[in-house]
Each structure stands twice: as C-alpha cells, then as structure tokens.
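Asks: TrEMBL lists these features:
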{"type": "DOMAIN", "residues": "271-404", "note": "domain 'O-antigen ligase-related'"}
{"type": "TRANSMEM", "residues": "90-123", "note": "transmembrane segment"}
{"type": "TRANSMEM", "residues": "135-157", "note": "transmembrane segment"}
{"type": "TRANSMEM", "residues": "163-181", "note": "transmembrane segment"}
{"type": "TRANSMEM", "residues": "193-211", "note": "transmembrane segment"}
{"type": "TRANSMEM", "residues": "231-255", "note": "transmembrane segment"}
{"type": "TRANSMEM", "residues": "267-300", "note": "transmembrane segment"}
{"type": "TRANSMEM", "residues": "306-326", "note": "transmembrane segment"}
{"type": "TRANSMEM", "residues": "387-415", "note": "transmembrane segment"}
{"type": "TRANSMEM", "residues": "427-449", "note": "transmembrane segment"}
{"type": "TRANSMEM", "residues": "455-473", "note": "transmembrane segment"}
Amino acid sequence: MNKIYKSIEDSYNESYFKHILQIVGQWISILFKNSLLVQFMISNIDVNRHIDNSIFFAISNNSKISNLKLKKIIENSIILSFLINRDIQFYVFISVLVLSPFISTSITVILGSIAVILSFFSILTKGNSIKYPKLYLFFLSLFLLSVIIGSIFNYRLNSSPKIFIIYIVYIILGLMIPYIVNSKYKLKVSLKSIAFTSIFICIYGLYQFIYGAPMDKNWIDTTFGSNIIRVYSVFGNPNVFGEYLILIIPIIFFLFKTTKSKTYKIIYFLTMLLAISNVFMTFSRGSLVGLIIGILIVVLLKAREYLPLLIIMGIISPFFLSDSMLKRILSIFSPKDTSTNYRRTIYRISIDILKDNYLTGIGLGQFQEVYKFYSLGIAKSFHGHNTYLMIFIELGILGFFSFLFMFISWSRLIFSTLKSKDREIGLIAICIFAGIISCSIQGIVDHIWHNYDIFLMYFIFLGLGCATTCLIGEESGDIYE
C-alpha cells in the first residue's frame, strides 16, 4: 500500500497538474495579501480610548465597589472558595459540551448558569489577566440589550420569559468562555470533548440510515422518492443535525492534522469521515453547501497541502453518490423545487411582518402567532427560514445591526491570528471560523437558532474563537480589537 501511495505521490510531484496548482495557490496568496477586505480584517484598529470612554464601560467601572463586598463574601465561603480554587467552572463547561445534545434545554441552562456564576466569582477573587477584545464585547453587549428590549416590546409577554432566559444564559456563557478556557490545554480539552461527543451522535445517525427512523412527511420531497431516509440522530430534525455537524467537522480536522499519535490520527480521521458521511445522509442541501465552503476556508487559509486531494475528491465524488443524492443537490438550482417555493412564500410574508415591526421587533418566540395573523390564518410557519431575517423581525434594528457588527468584529479577531507565530492556535481559530461560517451559510435558508442546541453551540464557538485571540494576545502582549 505504501509503495502504491509513494508511486502516486511521485507521479503527482512530477506532473504539470502540481505545477498548475502551485501557480493557482500563489495567485490566491497574492489576492489575499493585496485584498483591501483582508487587510481590513487583519489590521489593528485602536478602539481602546473610544470604548473606555463609553457609557457602557463607565457603568462597568462604577460597579467595582459592590464587587469588593461580594468578593469578601465569596472568600469567607468555604464551599465557593473550594469550587473556584478547583476550577470547577471549566468542568461544568465541559459537561455542557458533552451532554447538551442529549439532555433537556432546562438542564443545559442550569449547567450553563452554574458555569457563568462560578466564572464571575473566580474573576472577582482571582482577578483577571485576560485582555478581552473590547470592540467585540461592546457589540455583543448591544446585542444582549436588544434581547432585553425584544422581551419588553413583546406581543405576548407571558410566553417570552422562558426564551429570554435561554438566550441570556447561552449568550453570557459564550461571552465568559475566554475566562473559562484560559489556557491552551483547556482549549484542546474542549475541542476533544466536542469530537468525543460527535462519535456517539454520528454512530446513532448511521444506525438510523441503516435500520430506518420515523420520518416527518414534510422532510421528504416525493420528487426524489418516498423511500429516502434523512438521518437526524438526537436532534429530531435532519437540517438541525446537519448544522451541528458542519460546525464541528473543522474542529475534528484540526485534531486529525495536529495529533502526533498514529492511533489518534486514525480515530480522528474515521470520526471526520463518519461526520461528513452523516452530513450527506441528512440530505440537507444547505448543510452540504456550508460544508464545502467550510472545507475550502480551512484548506485555502491553513492547509494548502490538502488542496490537490480536495480537487481530486471533488472530481470523483459524483461517481460515488446515489442518484437521489445527486438529484437532491442539483435541485438547489431548480426553480420548480417545492422546498424553494415554500420558502419564497414564507419570505414574502416575513418581509411584510418586518416592515411593520422593524424598530423594536416583535419579540422572541412570537413569529408563529404573528405569521398566522399576517397569512390570515391560512398558513403556518414556526420561523422565517432565514436566521438574519428572524433576528431583524424579533429584535429590530438594534438586534440586527449589533449582531452584524459583532460578527464583523469577531471575524477581524480571527483573521488577526493569521499573523500569530503560534501556528497551532492559529489553525484552531481558522477551524472555528470555518465552522461558524458553514453554519451561518445554512442560516441563509434556515433559522439555525430555532434549535437551542445549535444556538448554544454557535455562541460557544464564538467564545472559543475569542479565547484563541486572547491566548495569542497573552503570549504576544497584544490583541486586535
């Protein structure tokens, strides 16, 4: 086998194909270096002075007196001191990563709240050496404010508190991750925990594909046959399962690429192969597109040695796909596709809702009732099948633009890691970025936050991405705002 591989490698090294790929790679590299957009994303903008003088940080500084009193209470508590000194908040966070797909949202919220509270107490007692990116923190705080406003200006206040609590806890947990995952060791343990969980989730998905699983009739397009099995594992919906997978696959690739153990390399490779196979078995077109773009991001930015393999796989993969899968993928471009036509109707009514509620939004969790009213009771939809449209509809102008600028500032943080001398953390950052972008692309045709597990993982990944830049900042003495 090694001789065959060596022969193929030698033939490739001597071929014109490799020469062409090198030229293309150099051309892409020059484009990146000369791109104004890329230069903006990796440039360092001094925002410290402006944000330090803002109202938000003035309020934060004025709370220091009450924090000193709370610090004394914590230090005098034997139980709290024990929990903080043993770094229990990190282990609670790991339990959230491992258990969240399998347990109820209520239990996940409780665990997340414990991790947040213990982290806050730890910061008070031990101090804080992390230089948090203030521009990202500023827009994330504005987004939190929009969630609060979206709960006040609500069509039905009695249904909002539950969703409000979930949003607040999950967002703040994401915000606190740089304090929880404050070392390279903890970062790697977190990523390995995600990969470990994915093994069981994907095995269950494979089981469903082989032995069958209950299917909602709305998931099946009869154009591709009624005997298609769309796997959903523990998530209850194929699209949601696909969203989870495309978030984590780049992370598994990082573990595969960087581990020095041959045994673990085989395990991570098989896990990655199983996860990618499960994406195809979901028959989720948005997830497939997101997966392809995520892989391209990682390969082009941090793993160009895999570019030839990626091109070869792209050429031969259609020959290994079933007819139903090929038809499903090609239906993306079909104007007659029933799923696309269904979404067009929802988008039209959703835009009508937005026109009347763009200022403060309709509030969290109100879309289904409001949609029913705007469709004159004829049609129903749980969400608007577009995450960004839903953010605008539910949280208004402040929610939409604070999220937009939060995402841009976070992306700039990730791109700043391209300058880092620590290639391993740089690769982690890009893999996290690829996962977020993949899932965000799915958000164009689906509301990825409708499932709270995906909402949680989305903000956890934002937090882990921020943690990578904080770790790099500690080593270099600088951080990109």
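Cβ atoms here come from the backbone N, Cα and C positions, even for glycine.
Note that the structure is predicted; figures quoted are calculated from it, not measured.
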Asks: For the transmembrane segment (193-211), give me same-chain residues lying six or more residues beyond its boundaries with a C-beta closer than 8 angstroms to one of its C-beta atoms, as numbers and ranges.
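Replies: Counting only partners 6 or more residues beyond its ends, the transmembrane segment (193-211) has Cβ contacts under 8 Å with 94, 97-98, 101, 229, 231-234, 241, 244-245, 248, 251-252, 255, 268, 271, 274-275, 277-278, 281-282.
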Asks: Can you say which of 163-181, 231-255, 267-300, 306-326, 427-449 has the most Cβ pairs under 8 Å with the transmembrane segment (90-123)?
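Replies: Between the stretches 163-181, 231-255, 267-300, 306-326, 427-449, 163-181 has the largest tally.
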Asks: Same chain only, please: residues at least 6 beyond the ends of the transmembrane segment (231-255) with a C-beta under 8 Å from a C-beta of the stretch. Say none if there are none.
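Replies: Distal contacts: 101-102, 191-192, 194-195, 198, 201-202, 204-206, 208-209, 213, 219, 264, 268, 271-272, 275-276, 278-279, 281-284, 286-288, 290-291, 294-295, 297-298, 303, 427-428, 430-432, 434-436, 438-439, 442, 446, 448, 451, 453-454, 457-458, 461.
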Asks: Summarise the domain 'O-antigen ligase-related' (271-404) as counts of helix, strand and coil residues per DSSP.
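Replies: Grouping H, G, I as helix and E, B as strand yields 103 helix, 0 strand, 31 coil.
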Asks: What residues elsewhere in the chain lie close to the transmembrane segment (267-300), defined as a C-beta under 8 angstroms and at least 6 residues from its ends?
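Replies: For the transmembrane segment (267-300), the far contacts come to 28, 195, 198-199, 202-203, 205-206, 209, 224, 228-233, 238-239, 241-243, 245-246, 248-250, 252-253, 255-256, 259, 306-307, 310, 321, 324-325, 328-329, 331-332, 430-431, 433-435, 437-442, 444-446.
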Asks: Using a threshold of three or more Cβ pairs below 8 Å, and leaving out pairs closer than 6 in sequence, do the transmembrane segment (455-473) and the transmembrane segment (427-449) count as in contact?
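Replies: Judged by the Cβ rule, the two regions touch, with the required three close pairs present.
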Asks: Using a Cβ cut-off of under 8 Å, list the residues of the same chain at least 6 residues beyond the transmembrane segment (455-473) that approach it.
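Replies: Distant Cβ neighbours of the transmembrane segment (455-473) are 96-97, 100, 108, 112, 130-133, 136, 166-167, 170-171, 173-178, 181-184, 187, 190-191, 244, 247-248, 410, 413-414, 416-417, 420, 422, 425-426, 428-429, 432-433, 435-436, 439, 448-449, 479-480.
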